[in-house]
Amino acid sequence: MLISTLVQVAHFSIQPILSLYVGELHGTSNLGFYSGIAFSAAGLGNLLMARHWGKIGDRHGHVKILVLLLFLTATVYLPGAFINHFWQLVLVRFILGMAIGGIIPVRIAYIRQEAPVAMQGEVLGYNTSLRFLGNIIGPAMGGMVAGFYGFSAVFITTSTLLLIAGLVLYFAMHRNPELARSH
């Protein structure tokens, strides 16, 4: 469940700066419209891939796919720090949506598979609470990082958090072979 919090902290750290970043890349003309495109690009990628990632997790193991998605998402966030044009941001956000779109369904499928039936509601409730904790911490952290170090630092920090989450899960999987075999 620590992974849930880290993913949400990372993902939501971008939220308070995205419109400002769009303004820096594109200018302030029609800022709301272009910010909406940047936000929606991730949603579109998510919509297109979430179901597929869930299916892949069912076939190959939820934990393995979750590790893959964490590393993939960390890799996709990083170029956001070096973008020079608005459309590059839209492309990165779309690819990000494709990657991050599988994290929640795969994580929930894993919880439902592993938690005893009598406790699934409680475990999913804890998972959701920790996700919302990440939704609180992420924007505050992203705003502070951007304020002190600039927009690029937020993308680097986000990528680092996702990398840490991926490494934690990867090493947990290798320390507990049963975790790696779970489907």
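Backbone N, Cα and C define each Cβ position, glycine as well.
Summarising the annotation, TrEMBL assigns domain 'Major facilitator superfamily (MFS) profile' to 1-183.
Residues or ranges marked as transmembrane segment in TrEMBL: 31-49 (among others).
If you look at the transmembrane segment (61-80), the same-chain residues 6 or more away from its ends with a CB under 8 A from one of its CBs are 3, 7, 10, 14, 53, 88-89, 92, 95-96, 99-100, 102-103, 106-107, 109-110, 113, 152, 155-156, 158-160, 162-163, 165-166, 169-170, 173, 179-183. The annotation transmembrane segment is assigned in TrEMBL to 61-80 (among others).
Here the transmembrane segment (86-110) has Cβ contacts under 8 Å with residues 3-4, 7, 11, 21-22, 25-26, 34, 37-39, 41-54, 56-58, 62-63, 65-66, 69-70, 72-73, 76-77, 79-80, 124, 127, 182 of the same chain, all six or more residues outside its ends. Residues or ranges marked as transmembrane segment by TrEMBL: 86-110 (among others).
Sequence annotations record features per position, and here TrEMBL assigns transmembrane segment to 130-149 (among others). Through the fold, the transmembrane segment (130-149) approaches residues 1-2, 4-17, 20, 157-158 of its own chain, all at least 6 residues removed from its boundaries and within a Cβ separation under 8 Å.
Sequence annotations record features per position, and here TrEMBL assigns transmembrane segment to 155-173 (among others).
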Original post:
Hey, which bits of the same chain come close to the transmembrane segment (31-49), Cβ under 8 Å, at least six residues off its ends?
Top reply: 18-19, 21-23, 86, 89-91, 93-102
Subject >> Cβ contacts under 8 Å made by the transmembrane segment (155-173) with residues that lie 6+ beyond its boundaries >> reply: 2-3, 6-7, 9-11, 13-14, 63-64, 66-67, 70-71, 73-75, 77-81, 141-142, 145, 179-180
